[in-house]
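Written out below as structure tokens is the structure these notes cover.
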Ligand SMILES: Nc1nc2c(c(=O)[nH]1)N[C@@H](CN(C=O)c1ccc(C(=O)N[C@@H](CCC(=O)O)C(=O)O)cc1)CN2
């Protein structure tokens, strides 16, 4: 068997076309969607993601505002900028790129973002609403994964879903979304005993642990759908400098029925869902103003 590849670049291109049309319609009604992005420090990967977010906005007709702070920025500086952006009616989405430098209080920063502009879906109120199946901004990576499962027509209801990783950005919201969609969900993590006994039961396996090629073929049930959320840059060996996921792609694709690649899988969908959340936020503002 060789797995079907779920192509995140192709799906992103289709979804972004629709987003651009919605952004153009809102702009014509006098509400151009606008995303504000805050980057603190010089983390190279974060700088790439922020650049791609800003470029994605531009291509979709979404206005973007970018604020760069040095690694030694204070909590007060970041909070003051968030207060300004919260108060600005022309700004519909606000995000603070993670991770933040260690001296900053991430929880306080995320809780300061106006919940109606929290297009990353990390504010506790959005997390709580999602857990109850209420309308909420859904964190972009797990939302992108759900879109990929839907586009690939992978049955979720009744499926055994196993997630490796329990982060606030991916693992926990992924578990909520899959649960809400009717899957039976197991969340595994660094303290899980006999991890492979869990992963081998999975119809849908989501790897989000940040360890290159951690998921090997013997950990995967034949015919499973494997979603790779990892983005790791290999340090040494013949592939040094290359990007790879948390899944041993070449070996696992011989066992799985469907698999996402890295790069070109979940990553582009993360930015696509951010653009969609920004347009949704602007549409709510336009609706409230009856524009
Ligand atoms: N505020 C946030 N911070 C972080 C988030 C987030 O959703 N909100 N997620 C990740 C990083 N991330 C978005 O910010 C992200 C990661 C990867 C990609 C992506 O397109 N990856 C490409 C490869 C890009 C490369 O060349 O390095 C791919 O997989 O094809 C987009 C966004 C942590 N922080």
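Keep in mind that glycine also has a Cβ here, set from the backbone N, Cα and C atoms.
Model, not experiment: these values are computed from the prediction.
What TrEMBL records for this protein:
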type: BINDING; residues: 165, 166, 167, 231; note: NADP(+) binding site
type: DOMAIN; residues: 6-120; note: domain 'Tetrahydrofolate dehydrogenase/cyclohydrolase catalytic'
type: DOMAIN; residues: 139-284; note: domain 'Tetrahydrofolate dehydrogenase/cyclohydrolase NAD(P)-binding'
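Known features from TrEMBL, placed on the structure.
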residue	record	contacts (Cβ under 8 Å, 6+ apart)
165	NADP(+) binding site	171, 187, 188, 189, 206, 207, 208, 209, 210, 229
166	NADP(+) binding site	172, 187, 189
167	NADP(+) binding site	208
231	NADP(+) binding site	45, 243, 245, 262, 263, 267
Residues among the binding-site residues 165, 166, 167, 231 that border ligand 1 - Cβ under 6 angstroms, in sequence order: 231
Largest CA-to-CA spread of NADP(+) binders 165, 166, 167, 231, angstrom: 16
Per-region confidence, the domain 'Tetrahydrofolate dehydrogenase/cyclohydrolase catalytic' (6-120) (mean pLDDT, whole number): 98
Secondary structure composition of the domain 'Tetrahydrofolate dehydrogenase/cyclohydrolase NAD(P)-binding' (139-284) [DSSP: H/G/I, E/B, coil]: 53 helix, 26 strand, 67 coil
